[in-house]
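Per Swiss-Prot, the features are:
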{"type": "ACT_SITE", "residues": "35", "note": "active site, proton acceptor"}
{"type": "BINDING", "residues": "30, 81, 83, 129", "note": "tRNA binding site"}
{"type": "SITE", "residues": "25", "note": "site 'Discriminates between blocked and unblocked aminoacyl-tRNA'"}
{"type": "SITE", "residues": "108", "note": "site 'Stabilizes the basic form of H active site to accept a proton'"}
């Protein structure tokens, strides 16, 4: 008796980035504050991708829809304030059936100095309430993060509490360093949209110096 074996080929989900979430707080009072570094980068990426942000209340944020290499790419700036960022990211990921591995979050990072940036996948939230809420909304920590260094008041010699520090604008030299990081991030995001995270990481981290 001959046995017939059937091989089922399951489609492999692309792990290239399809949703970019810039974190920050909405409104003019917060526009220039350190906590809004993710918004700053998201605005530049929308320009690079020739996309325009528009309010989509069902997704709790300003959403921009773009195309890259024939694929759809979404950008979002949540309007729920930092601590509820997961509402927007979770709603978009569910509606468009995106895996956590296809999500890139842009956020400020206290543990990196201005002028430094790191790309990483997974890990904890290190007390960052925006990341904490996104992790809960996605049910996984396996999304990608672009950590934009803003420094810590202690390492920058400032007598400020962290909560106050992140809600103030960077000093001029800090802003210049952050702007340089944003420029470097813009250069490597296309590689992430292509799924080449090794290239993006190598190019991005080489600019951090010793």
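Backbone N, Cα and C atoms are what each Cβ position is placed from, and that goes for glycine too.
Recorded features from Swiss-Prot, shown on the structure.
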| residue | record | DSSP (3 states) |
| --- | --- | --- |
| 25 | site 'Discriminates between blocked and unblocked aminoacyl-tRNA' | coil |
| 30 | tRNA binding site | coil |
| 35 | active site, proton acceptor | helix |
| 81 | tRNA binding site | coil |
| 108 | site 'Stabilizes the basic form of H active site to accept a proton' | strand |
| 129 | tRNA binding site | helix |
The one of 25, 83 whose CB sees the fewest other CB atoms within 10 Å, among these recorded positions: 83
Greatest inter-residue Cα distance in Å for the tRNA-binding set 30, 81, 83, 129: 16
TRNA site shell beyond 30, 81, 83, 129, criterion: Cβ within 8 Å of Cβ centroid: 25, 35, 80, 82, 84, 85, 130
Nearest of the recorded positions (35, 81, 83, 129) to residue 25 (site 'Discriminates between blocked and unblocked aminoacyl-tRNA'), judged by Cα-Cα distance: 81
Candidates 81, 83, 108, 129 (recorded positions) - the one closest to residue 35 (active site, proton acceptor) by CA: 108
Under 8 Å by Cβ from residue 30 (tRNA binding site), same chain, sequence gap 6 or more: 24, 36, 167
